[in-house]
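Pasting a structure here, questions to come.
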Amino acid sequence: MMDRRAALRAAALTAAGLGALSACGRGFGGGGDDTPDGAVVLTMVWWGDNTRARKTQAALDVFQRKNPGITVRTEYQDSAPYKDKLATRFAAGDPPDLMAMRMDSLREYADRGALLELAGLDLSGLGESARTLAAVGDRTYGVPSGLNSIGFVVNRTLTDRFGVRIPDGDTWGWDDLGTFARAVTEAGDGTVYGTGFDLFTLANLFVFTRQRGEDFFTERGTLGITAGTVQAWFEMAQRMRDERALPPAGFMDEAGSSAAQSYIASGKLASQIIPTNNFLSYNEAAGGNLALLRMPGETQGVRRGQSIDTPALWSIAARSKHPREALALLDFLINDPEASQATGTTRGVPPNQRVAAAIRPGLAKDDQVATDYLIGLQGETLPRSFTYPPGGSSIAASLETIATEVEFKRQTPADGAAAFIAEATKALRT
Amino acid sequence: MSVLQQTPVAVPAPAPRKRYRRQDRSGYLFLLPWFAGMLFTIIPFFASLYLAFTDYNLLNPPEWIGLANFREMLADERLMRSLRVTVIYTVVSVPLSLAAALGVAMVLQQGIRGLPVYRAIFYLPSLLGSSVAVVILWRYLFGVDGVINKGLAWFGITGPAWTTDPSHALTTLIILHVWTFGSPMVIFLAGLRQIPAAYYEAAAVDGAGPWRRFRSVTLPLLSPIIFFNLVQSLIASLQTFTQGFVMSGGTGGPADSTLFYNLYLYLRGFTQFDMGYASAMAWVLFVLIALLTAVNFLAARWWVFYDD
């Protein structure tokens, strides 16, 4: 909370006309201030929770043992304010050496020369899709910290109690989801809804868009999604909401972002969409009886919708004072099995396939479920994920606004879809 | 608390300079921390004025672009939406909270036993009102399954999604603002104390009822304080940030319905890397507030009554 307050305070100063610069240099500690005996101090920032912090520190301990003379100072925080604070830190001329980078921020930093090109990094262990996930042209500015996808989790304790059969997760369609969810809502008698998902979470819409044969963002960085697809997405949700398969408008927005605060953990939803690398924490929070299904519609669509993604990239600042040591640390995190043994799959399945195979037997059971899910997907032919073009974050913002308008029936799906295409096209042009 | 120190009413009439030398000195001594703090704000203050005329993305050096930021503001629909939200919020909540503050202050003024306790209770919310913890608490109170809706359900009313329905989210924040009337109330209480009881007695002798006494004695004599509270509240309200930020999880949603001007400014600067544009927005708000305050002072000549 302190960190967010510091950001608020900085913003309040700006707001009062007291200047944008006052925000600089606050929040994060100084970087690159080496110890007097000549040892190198690397700063590393990322987002996540305490569990991830413990596991990351365990990996860093191994690295520091293997590399005497390098000390890693790590800082972490909640995902929501991460983006703002990273920007502030760059503006202050004090970027971290190694940092977790959001997929939708990569181009915003890379295009402005703020990131080191990772030419010297050994990526031979990564599969084609993992290696190119964050490629900007033929250059690499970010490496996946892990691989994940999204999946549907279903609480078997609830479905068993209500006697509702869970559809086959490999072949089910969106209609099957609707039928299933309606049955749960009816059996739950108003205390439980069958399913719930955000219409404005891009990852969800990406799947639906690809299944219709389009790409949300094309390889050239233009908008590939058509108004018809956005409209179909809105209409499908509206139909499901009218049938009470989905909870009422506004319901989803009240849940917190962590697994423990989720509706599947509190038992108000029988199913929801999660990033697969979080399966372990969701299953723990929801009582340990979750099933992990693929996204609906994978066998009915024009083509596959799911893709291999990453929850976060690792990037190195172009202005890092110790690029060699930062690269060594990144190489360790990506290519050394000991690093992944320590971190487990908190950031997804290790992108290096040899490492992934090496650590699999030692994983916790829930992490194995998520790993097998992803290894299964990796063996199939899936459409590629393209990096977000600059302007992607303002597109995400307008989708959120318009989806909410449609959800509360202040706009029709057709009008909302047209408005979204217009705003998104404008955001990409400027 | 600094608000109280600025209260204009308590200032004594200027007296011969010499006698007050020593008081002057301690006055400046008290001001010292402010001057020290000023050093840290004056540089960013002018830096942001410079940035307002640049394209500055936080990563590369700022680039001079003249008035382009201000031209872009004129065509920015989201900016207009944020202005609308801020103005509606201010126009509705400031009069309501001032009326509530005055009303409660007058009730407390009647000489209830345990006045300090009540005063503290009513004052408490305004200490907490814009804090993150209270806004989060507010989110739960007004949740779909929250206390408010459970209460309404008792009477057979199905409450709306107070914080996530774009038609109601701003209303919820306005209620929160009105609830934090404590700070103007304390100032009103101090002002009511200063009205000599003799005026009320004279009015009563002349046969004036409670309403007439309020209109012809209380209101005019209290008008400097009303004016002060009005100016303060307007400025604070136009700068609202925390409530919208926390209630919407930092987005200004649902559907931009709680996108306050300052929240939009923050989003442009820190999440969309448009610090030049954000600085320009900050200066426009600064000028708007300065103008509004000037207009307020001019208008005050017509309705504020100084009983010297």
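Including glycine, each Cβ sits where the backbone N, Cα and C put it.
Feature list, courtesy of TrEMBL:
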TRANSMEM  B:27-53  transmembrane segment
DOMAIN    B:79-296  domain 'ABC transmembrane type-1'
TRANSMEM  B:87-108  transmembrane segment
TRANSMEM  B:120-141  transmembrane segment
TRANSMEM  B:169-192  transmembrane segment
TRANSMEM  B:221-241  transmembrane segment
TRANSMEM  B:280-304  transmembrane segment
Check the transmembrane segment (B:27-53) against each of B:87-108, B:169-192, B:221-241, B:280-304 and return whichever range has the most CB pairs under 8 Å.
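Ranking B:87-108, B:169-192, B:221-241, B:280-304 by Cβ pairs under 8 Å to the transmembrane segment (B:27-53) puts B:280-304 first.
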Sequence-remote contacts (6 or more beyond its ends) of the transmembrane segment (B:221-241), Cβ cut-off under 8 Å?
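Contacts of the transmembrane segment (B:221-241) (Cβ under 8 Å, skipping residues fewer than 6 from its ends): 3, 6-9, 86, 89-90, 93-94, 97-98, 101-102, 130, 177, 184, 187-188, 190-192, 194-195, 199, 260-263, 266, 285, 288-289, 292-293, 296-297, 300, 303-307.
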Other than its close neighbours in sequence, what residues sit by the transmembrane segment (B:87-108), given a CB gap under 8 Å and a spacing of at least six beyond its ends?
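Non-local partners: 115, 118-119, 122, 170, 173-174, 177-178, 180-186, 188-189, 192, 214, 218, 222, 226, 229-230, 233-234, 237-238, 240, 260.
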